[in-house]
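Participant: I'd like to ask some things about the structure below.
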Amino acid sequence: MNHTYQELADLIFPEVKQTIEDLEKEYPERNLPKESEVTRFAPSPTGFLHTGSLFTSLVAYTVAKQSGGVFYTRLEDTDQKREIEGSGKQLIDQLKEFNLAPSEGYLGDEEKGSYGPYIQSKRSEIYKVVIKWLISIGRAYPCFCTAEDLNELRLTQEANRVIPGYYGEYAKCRYLSVDEAYERIQKGEKFVIRFKSQGDHTKYIRIHDEVRGDLDLPENDQDIVIYKSDGLPTYHFAHLVDDHFMHTTVVTRGEEWISSLPIHVELFEACNFRRPKYAHLPVIMKLDNGNKRKLSKRKDPEAAVSYFLELGYPVEGIIKYLMTIANSNFEEWLIANPNKDISEFHFSFSKMSLDGALFDLPKLENICKETLAYYSKEKISKEAYAYAKKYSPELKDLIERDFDKFESIMNIERGGEKPRKDYTKYSDIYSHIAFFYEDKYLELVKQNSFEFNPHISNDLTISILEEFKSTNDYSLNEQDWFSSLKALGERHNFVAQFKLYKKNPEAYNGHVGDVANMLRVALTTSSRSPNLFNILHILTKEEINKRIDLAISYLKGEN
Ligand code: GLU
């Protein structure tokens with residue numbers, strides 16, 4: 001018997017009738033302008049959205065968007081042993097929370113687009129067409145090696161101190177005759193399909209990377225497995241077929257894939273597929289005791305994007321921060337254009353730093369703080385409410401009591417040229433604003449009591465508070481009101497000008513700041529609070545008087 005490669009291919013995949021040409025017709029070139037890029041996010045459903053993957057997705061999304069192209073998602077679930085139930089949908093949902101929603105692909109609940117299916121486990125018919133063809137031309141072959149065979153091979157290679165793997169003379173099954181392979185399959189022996197490499201690892205190939213420029217890498221010579229005994233292909237093969245038929249133009253992925261690039265390049269050539277461009281992005285690192293290391297899923301809570309969502313860091317702030325890692329000129333642009341939408345920034349691969357990007361939490365927090373400070377009261381209130389509904393029942397409760405009141409609180413010292421910068425994240429809000437609500441204020445009084453200045457006598461404080469209660473004019477504007485506060489202080493020998501007080505502190509009981517502080521403490525329990533005038537206009541007069549009475553009875557030692 002003299003079986004041909006084609007007969008071997010037919011024996012292995014008798015059900016496969018389609019050809020690569022049929023597939024090319026089914027998935028024709030996309031109808032896009034020449035400069036448009038098609039990018040993808042291709043996660044494996046093996047866990048949460050990693051901060052590094054968010055970064056890669058942001059770059060992929062931006063590149064597609066600014067070139068008028070397409071950003072799509074594909075679920076790479078061929079390693080079904082590692083799959084975590086529900087994580088595919090979770091990954092996409094989290095991506096959407098960062099406003100990086102794909103316009104095509106696997107969207108969590110559904111699939112959208114004409115290049116699907118977008119879930120690899122549903123694409124096995126497509127992979128088989130290409131694998132069958134590779135077998136028929138002698139570029140792929142069945143391998144019958146068992147786990148024990150491979151283990152033995154590894155031990156031999158270790159003993160001989162040669163590069164490990166299935167290649168060259170060690171690739172036992174590549175030397176089986178077609179007839180022998182044919183017979184063993186007919187007998188029902190188990191097998192996988194391997195790619196027959198023609199490479200030589202002592203030679204180098206040059207591959208261009210959009211971020212790194214030209215890379216010189218040793219050729220691949222490994223006969224990698226492309227089709228497993230479970231009927232699914234491996235990542236190397238599957239992603240390549242998908243990127244081809246989905247017409248990806250730039251593959252953006254982590255730099256950990258650079259070492260596999262020669263395999264992919266050889267596979268693309270063997271399949272006669274045009275290679276996409278590559279952009280291998282830096283891995284996000286962390287400084288740990290002075291040493292740089294990768295963000296670790298196990299050790300670093302900030303490795304998961306859920307960390308930021310649960311604490312309520314504004315999505316816009318996180319995206320801006322990641323952009324500062326993506327492009328070195330972004331920060332300068334941001335400072336010059338604080339109010340522009342970041343989609344107006346032109347991203348470029350050439351401005352990406354090559355060193356592992358260092359994750360800098362204080363910097364991220366600073367950007368988030370700036371971002372929140374410049375939100376309108378409507379925007380911050382709406383976003384905080386959306387956050388509270390998901391993650392903070394106690395904040396949700398306060399907001400739902402009276403949305404207008406919440407908005408007025410969020411409006412304190414907002415909108416001017418120098419807005420107040422007291423929130424880094426939505427989870428900071430509750431403790432800052434709780435005192436505005438009667439029951440929470442009473443809890444604070446119980447917990448912390450009142451932080452009155454111990455250097456001012458209680459009697460003096462009481463008389464000022466009493467006088468404030470009976471004389472304060474709520475109709476005054478801020479400036480006039482402050483003058484009235486100064487006058488009140490002066491009647492009790494608290495000087496209006498701090499400078500005068502400093503020159504001669506013995507001559508006075510204090511200065512107007514001390515007077516404001518008495519009120520602040522009575523109304524909020526603490527000597528740190530936002531603008532007093534605003535507080536006086538958010539609380540009702542009745543609430544204010546009740547609080548002052550409570551503070552006075554405390555000063556009198558009555559409670
Ligand atoms: N599924 C691969 C991963 O989870 C994707 C790599 C790629 O983007 O090609 O990392």
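Every residue gets a Cβ built from N, Cα and C, even glycine.
Pulled from TrEMBL, these are the listed features:
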- LYS297: ATP binding site (BINDING)
- 38-325: domain 'Glutamyl/glutaminyl-tRNA synthetase class Ib catalytic' (DOMAIN)
- 427-552: domain 'Aminoacyl-tRNA synthetase class I anticodon-binding' (DOMAIN)
- 43-53: motif ''HIGH' region' (MOTIF)
- 294-298: motif ''KMSKS' region' (MOTIF)
Participant: Any residues 6+ beyond the ends of the motif ''HIGH' region' (43-53) with a Cβ under 8 Å from its own?
Facilitator: 73, 75-77, 79, 82-84, 87-88, 90-91, 94-95, 235, 254, 283-284, 295, 297, 302-306, 359
Participant: Using DSSP, how many residues in the motif ''HIGH' region' (43-53) fall into helix, strand and coil?
Facilitator: 3 helix, 1 strand, 7 coil
Participant: Once the DSSP letters are reduced so that anything not helix or strand counts as coil, what is LYS297 (ATP binding site)?
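Facilitator: Once the DSSP labels are grouped into three classes, LYS297 (ATP binding site) ends up as coil.
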Participant: Which whole number is the mean pLDDT over the domain 'Aminoacyl-tRNA synthetase class I anticodon-binding' (427-552)?
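Facilitator: Taking every residue of the domain 'Aminoacyl-tRNA synthetase class I anticodon-binding' (427-552) together, the mean pLDDT is 96.
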Participant: Per DSSP, how many helix, strand and coil residues does the domain 'Aminoacyl-tRNA synthetase class I anticodon-binding' (427-552) have?
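Facilitator: Counting residues per DSSP class in the domain 'Aminoacyl-tRNA synthetase class I anticodon-binding' (427-552), I get 90 helix, 4 strand, 32 coil.
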Participant: I want to check the contact list for LYS297 (ATP binding site): same chain, sequence separation of six or more, C-beta distance under 8 angstroms. What comes out?
Facilitator: GLY47, HIS50, ALA303, ALA304
